[in-house]
Structure formats: C-alpha cells, structure tokens
C-alpha cells in the first residue's frame, strides 16, 4: 500500500515510508533516569530571583543613605551628636537589624512549615527558600559595597570574608536550587544580630554598662548568640554527615559539595571566634 507524502502525518511515518531512520529532535528527546541524575553544569537564575535580589539591594541602599538617618533623628536625639564616622556605622547597623528581622522570621517559618525542604535537605523544593536567600543576597552585596566604600568607618576583613563565603554558598541555592535546607538553616544566625547591634547603639549613646537596659540586652545577646550560632552546630552537622555517601549527595557534584562544606566551616569558625569574644566581654563585665 503506497502513501503520498501529504498523507503521512507524523515525521516518523515519513521516515518509515522512505526506509530511513528519523533522528530524534531535542523537543522529542526524553532523559533516561541515568541522565536525570547528572548534575547540571550551567547556572540559571529565574527572573523572580534576580528581581528580588535587585529590589533587596535597592531597599537596603535606600535604608542606609536616607531612611535610617531620617528615622533615627526623630526617635533618638543622641544621633545628631554622633561623629560622621559613627553615623555611618549607625546606619549600617540599622540596616543590618532590619535585614535580620525580615530573613530571620522568614527562615523560622520555613524550618517549621516547609515540609518539602525539610523532607529532602539536599534536593527539596527550594521555591520559598530562594525568596529568602535572594533577599539576603541583595543585602550582602549592598553591605559589601558599603564596607568597601566606607572602609575607614566600617571596614572589617572578617565581615568581607563572611559575606563572600555566604554569597559563594548561596550561589548554588539560587542558581541550581540545591541545598535549600542548609542554606536556610544558616539564616537562623540572624536572630542574634539585633542584640549585637543594640549593644553598640547603647554604647555610642552613652548608656552605662551597669544600666538595666544594657544588662538585659547583654544577657539576651549572649544567650541568643549561643543558641542560634553555636548550640545548633550539632544539629546542622549531623544532617551534613548523614547526607554523605547518599545518591543525592553524589548528584550535587564536587563544586557544590566543596562550596557547601568549606563555607559552612569558615562561617562557623568565625562564629566560634565571636562567641569567645562575647564570653570574654561577659567575664570582664
């Protein structure tokens, strides 16, 4: 039975009629299970992720350059008497506190209610986590630029290392959608930031160390810092170790594995160093 080319509806029918093999197009190709397990090599940032990071960067720059000074002069008379150098650091810490409250609350919500991420720490659906980390990415880039630009006032090599290590690790969460649980878990540390900043605010405003407000804040700072940065380490690293050797761990690839482990260790070394400084301060007090 013969057919005209017009009667043959599908490309494979045409190939069969002509006695040739029809190459499979990229649209028709389906990945085998083995291929689906191969780690992706090209980064792809969604428009939403980029948009949130850019918006975050813009908001935090606006807070630093405009809103912090405007609000501070109205609620804290002592702000006007500060030197220019201290005003720069004041604005930087105000932005830091605002960022900590936003992403810290979002982080806790994800840890409590995002079942997909908690069920699969390595490859769980990162959709909600990406939003939080995009906010943090915008903040880190903004703060890094401010540190460099106002180095004489707020320059600190440890903060530069901290920001770069965090950005390196978050790159894999935002571009590849992996390690969402661990990326979000690191943001728990932000809960200690408002207390650390408040201690500095009290100091530059001339509050005595023996004042009730200073003592209460100092106690809260020490406890919260220890809980969210030190005490959680066994929980964090137990999840890390339990993932070693799993199929999901191998799918990450060497680049993501090394970024994850190295950045975690670097950040926690600094957390321990800061905890030691806080403990020594408490002993002196």
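One-based numbering along the chain as shown.
A Cβ is built for glycine as well, from the same backbone N, Cα and C atoms used for every other residue.
Any TrEMBL annotation is an automated prediction that lacks curation.
Noted in TrEMBL for the protein shown:
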DOMAIN    85-285  domain 'TLC'
TRANSMEM  48-73  transmembrane segment
TRANSMEM  94-113  transmembrane segment
TRANSMEM  133-151  transmembrane segment
TRANSMEM  215-237  transmembrane segment
TRANSMEM  258-276  transmembrane segment
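Panel annotation: around the transmembrane segment (133-151), residues 49-50, 52-61, 64, 88, 92, 95-96, 99, 102-103, 106, 159-160, 163-164, 166-167, 170, 173-174, 183-184, 187 of the same chain, lying at least six beyond its termini, place a Cβ under 8 Å from a Cβ of the stretch.
In the predicted model, residues of the domain 'TLC' (85-285) average a pLDDT of 93.
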